[in-house]
Amino acid sequence: MSCLLNNMVLMGLALLVCGVQAFFLPNTTSLEKLLSKYQHAEPHSRVRRAIPMSDRQEILMLHNKLRGQVYPPASNMEHMTWDEELERSAAAWAHRCLWEHGPAGLLRSIGQNLAVHWGRYRSPGFHVQSWYDEVKDYTYPYPHECTPRCRERCSGPMCTHYTQMVWATTNKIGCAVHTCRNMNVWGDTWENAVYLVCNYSPKGNWIGEAPYKHGRPCSECPSSYGGGCLNNLCHRAEKPHKHKPEVDMMNEVESPPAPEETHVWVQPRVIKTKKTPVINFMTQVVHCDTKMKDSCKGSTCNRYQCPAGCLSNKAKVFGSLFYESSSSICRAAIHYGVIDDRGGLVDVTRNGMVPFFVKSQKNGMESLSKYKPSSSFTVSKVTETAVDCHATVAQLCPFEKPATHCPRIQCPARCGEEPSYWAPVYGTNIYADTSSICKAAVHAGVIVDEVGGYADVMPVDKKKSYVGSLRNGVQSESLNTPQNGNAFRIFAVRQ
């Protein structure tokens with residue numbers, strides 16, 4: 001076997017590609033024998049898993065999600081499951097803290113992806129997404145281009161992380177995370193390096209072959225799947241079984257006695273009890289007599305939903321262009337012509353102190369004068385704009401002081417599936433304004449990816465940094481010390 005070494009890539013990603021003269025795939029028994037070398041035979045001793053359950057679920061979910069959305073579509077892409085034997089073999093290698101692939105005897109029958117980082121916390125999903133993002137440099141070899149061997153078509157430093165992830169016949173994965181006190185990475189010593197090892201079976205990246213067959217999803221699944229298809233993946237329906245109650249021992253596996261190790265993350269993660277997510281709305285629902293000074297007590301006091309019938313209400317309005325803060329919001333909006341007696345949406349901008357306010361007759365109502373300095377506000381009409389998955393706040397309505405109003409955004413379905421190099425998302429809760437608006441809305445839980453929908457956007461001043469996370473099937477990215485641009489918050493719309 002000859003080994004092809006590729007160039008180094010950012011964030012410490014590496015994959016070993018092994019070519020063979022014959023296509024060798026061991027049967028289950030052979031693979032178990034190989035894996036058994038990296039385990040002890042003594043039963044009934046327990047140590048904690050090599051990877052937290054939350055990380056395991058994140059890795060597996062993201063692999064299957066990304067495998068199901070390859071382009072061109074795959075006709076034989078198999079659903080991945082977690083394999084504890086592969087997890088244990090990955091843990092054995094991760095504990096050695098060697099920045100290379102191994103052990104050599106196991107690499108003949110498994111695939112392997114590696115990643116390492118130090119400094120602030122990055123979830124395993126961040127690295128999985130980075131592996132997949134090599135797709136931007138990969139050109140899929142169609143059947144007519146393989147005569148009979150397919151030529152490697154990678155225009156970047158490396159594509160083999162991506163191809164192993166989407167190798168159709170690879171249907172098992174097991175990963176481990178280990179914190180290495182000192183790890184030699186390309187000649188430098190990294191302290192407290194967080195090392196991720198993912199092992200795959202059956203292995204992929206066979207030289208001269210395409211990673212999957214192109215065609216209608218699930219149209220060429222192996223017969224063992226019985227025609228099952230789930231999210232564009234060949235899927236075997238599981239037999240119903242009784243679930244055991246979740247206890248602490250469920251997160252443990254049979255293994256030989258060993259010193260118990262506590263994973264030391266550079267930024268410790270606190271796992272909290274899941275709560276029902278709180279849905280935040282930017283638009284406040286108000287009454288005809290709601291005053292600006294009474295309603296505006298937080299940051300989201302710039303969009304209001306007014307009811308019908310405010311024209312005949314007796315609430316006072318002071319001023320004409322600039323309205324005094326004790327004025328009725330909805331009646332000021334009618335006076336200025338932003339809405340009529342049927343009600344509707346109003347955007348409000350606070351404008352600071354004004355020396356006096358002058359009355360006027362407009363749109364069927366009369367405002368009053370007030371010759372006393374007071375804080376003021378203006379009103380404006382809310383528009384709606386349909387955008388695509390790539391639209392950003394930086395393009396549409398970038399932040400300007402004192403405030404910027406964006407139209408109500410209508411997002412199409414499935415923006416969450418857009419690749420990060422076309423539709424990036426930076427941050428959590430507050431996003432960089434170069435992020436995809438609609439993909440950020442999916443990440444924030446504001447809209448459902450399968451159907452799309454409406455969202456309200458609030459441009460805000462830039463942050464010093466943005467922290468990535470995996471939410472609602474979307475992996476956002478981290479961004480430190482951005483040179484340009486501002487930020488935004490995104491909110492659900494009441495239906």
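Using the three backbone atoms N, Cα and C, a Cβ is placed for every residue, glycine included.
Noted from Swiss-Prot: of Asn27, Asn199, the annotation N-linked glycosylation site belongs to Asn27. Between Cys415 and the candidates Cys397, Cys406, Cys438, Swiss-Prot records the disulphide pairing with Cys438. For Cys310, the disulfide partner named by Swiss-Prot from the candidate list Cys296, Cys301, Cys330 is Cys330.
Within 10 Å of the C-beta atom of Cys306 (disulfide bond) sit 26 other C-beta atoms, taking all shown protein chains into account. Taken together, the residues in the domain 'SCP' (60-200) have a mean pLDDT of 93 on the 0 to 100 scale. DSSP places the residues of the domain 'LCCL 1' (282-377) in helix, strand and coil in these numbers: 12 helix, 34 strand, 50 coil. The DSSP breakdown of the domain 'SCP' (60-200) into helical (H, G, I), extended (E, B) and coil residues amounts to 46 helix, 40 strand, 55 coil. When the neighbouring Cβ atoms lying within 10 Å are counted for each of the disulfide-bonded residues (Cys288, Cys310, Cys389, Cys438), the highest count belongs to Cys438.
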